[in-house]
């Protein structure tokens, strides 16, 4: 188990190293010079050279990459005019646009994204597993057909349309909820949930559809297995067969999917964040890409990488915990 | 006293009649066998005894302990299932839940029916596991099914059946998925359980040999109808129904020995096939699996060499190495003096165990047979393929049909035709009849013998079934842990086995003579 963990973390670090290398290579190849953009109009060659030096883009690319890695692991110093400023580890540099440390930017945005992801995930798991289980148990009856129809609809409707409709109905027409703004959970948990409710629902629509479909298929598959027949042959009541046996088998694939989805929502729920005006990581990324704010783009991408790799590892451990046939070694 | 009486049982799936007017009685403490080939309705009968049919119409009377089971409500059924009638299924791995420990599964059933405390239920689970001879039952109760071997899983399932002290145990093909020695152990266990607990046993099998030694009475079923029933010794000793006689005749019989003095065609010299294992957890590389570990063997031209072994003895690996499908780790294999790794292909062909999975489901069977001909340069093989189809007993028009449209026996004929197509010298058959019903098996064996004579073939016949080999093989090699522990003329090996493993195998072979079956059971007790 410990050996597995060590090897797994080693592998994860290797993946992240590869990712950073790839990212750096890509941005070096990008045709635009960030220094010219930062320097702005009426830039003199002397001023440009200064900016380049300050941004650290005048070094050879290998040196730049080495500095980047050093910043990540141990922190680094940036020249700022005559003085230097220290950027503690894990340092992802300073935003070209706002001159804030990228790490701070990310930490600022992350709680929003985490709130969004966890809420949406809980909602879609509850709704998806519930609907899927009902459909699976009532195969080819009307309830199953209704769930199937909703699943298709959930897949088909784009998230911005759902979001707009929700806003229109609950904030404009009925005025049950305020227009969402982010309130930290530490400030006011109720307001936090109230404000995030609509974004959660909007995000959950598609996820719910996916989970319901998976659960339905899983339940049907497990119910057809031999050990379910054994359970029936030994007089176990149907409710117990469903809850203790069938659902257990059906939910296995959801474990992996949920972990990965959580990580994905945290960094890429751009549409939802934009529509509901939530200052999350996804929004940060879009802004940074538009402004060619390379350190921020690199930072967000690295964060995505870390989250996905971590989620995968957690998923593997969970999988081993729920399925005794899986051994981690 | 009668434990179970079935009267005029009829089971229909839509328009298909699975069981049509079946009647039998099982005395308390007695053992009844139901024998039939696939499609005879024997499993449908078993499921009806526990009310497990969901889509079938069940009519007739099933009287059990003063109840008419066919009229029970779902609620009442649950009190009967497991508590008073317990079932043992065919495939013990899939029949147990993979997510719960063996002990938990048994305890759950016991608690459900007796309302015992958790602790008492756990103790009962350990007790029944001990009763079915699971070593160290207290510890093994905490194991999951995948941590048990096939035989131990079946023991666990029997323990589950015993847990609530039922009056009747229904065992549906309980040994079909098991090796022959394990099969004998499980049958002995069922017999012992019946003697010690006094429950009745309904044993369902396709194998006459399985029921011969373990039942007092048998019912022979065919297409949903009982064709004959009576005392086991009477039915098997002097069958009155034509179908029973046909079944008995289809059971493989020893045949007069042939002496083959042909020159060695295929020579294996110190052949090894090791499969390296991936490194896991520790830095040291684990020992490789020695599937074939030093086999030296001549296959004489014109003979049929039988290779017998249980699962995991390396017989399939050996067959694949012989055909050149796998390269040996060490040693040489020569065919007519030439190294087989360099000249495989046409002269050595293989017939596989499962004709369904070894035929491409998306190609017509004619095309599948034509493939090896095209490879050897035949331009328009259709006529030759049709001739072959006819030769193996299929119609020329079957050319354009697909594997799923054929029966198991027909598919295996296709597999044989495909092996014959490039006119090989040697055919290696890997368990070619083990998935077939006994009458189909007899037909396929007869076909193989005819073809061997007609085409002057040499055959290697790999099987776990000693009875089949006794009929078809001139010489037998006994494989154990990747080595040949005994090799000799078939009659000699069967009459005077030398190696202890051969003796154990031979004592485990199911026979259709009840007296002989009892003698073997006694013999097994002395060996064990």
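Note that Cβ sites are derived from N, Cα and C of the backbone, with glycine treated the same way.
Source: prediction; values computed, not measured.
Annotation source TrEMBL lists transmembrane segment at A:12-30, A:114-137, A:149-176, A:196-214, A:250-276, A:296-322. Here TrEMBL flags A:110-319 as domain 'ABC transmembrane type-1'.
When each of A:12-30, A:149-176, A:196-214 is scored by its Cβ pairs under 8 Å to the transmembrane segment (A:296-322), the top-ranked stretch turns out to be A:12-30. A Cβ distance under 8 Å defines the sequence-distant neighbours of the transmembrane segment (A:12-30), meaning residues of its chain 6+ beyond its ends; these are 61, 64-65, 68-69, 72, 292, 294, 297-298, 301-302, 305-306, 309-310, 313.
Away from its own ends, the transmembrane segment (A:196-214) comes close to residues 115-116, 119-121, 123-125, 127-129, 131-132, 135, 147, 150-155, 157, 159, 162-163, 166-167, 170-171, 177, 180, 182, 250, 253-254, 257, 261, 265, 269, 272-273, 275-276, 278 of its chain (Cβ-Cβ under 8 Å, at least six residues beyond either end). Beyond the transmembrane segment (A:149-176), the same-chain residues lying 6 or more positions past its ends with a Cβ under 8 Å from any Cβ of the stretch are 131, 198-199, 201-203, 205-206, 208-210, 212-213, 271-272, 275-276.
Beyond the ends of the transmembrane segment (A:114-137), by six or more residues, the same chain brings 143-144, 147-148, 150-151, 182, 185, 192-193, 196-197, 199-201, 203-204, 207-220, 223, 242, 246-247, 250-251, 254, 258, 261-263, 265-266, 269, 272-273, 278, 280 to within a C-beta distance below 8 angstroms of the stretch.
Cβ atoms under 8 Å from those of the transmembrane segment (A:250-276) belong to residues 110, 112-114, 116-118, 120-121, 125, 129, 132-133, 136, 158-160, 163-164, 167, 180, 198-199, 202-203, 207, 210-211, 214-215, 217-219, 221-222, 282-283, 285-286, 300, 303-304, 307-308, 310-312, 314-315, 318-319, 322-323 of the same chain, restricted to positions at least 6 beyond its ends.
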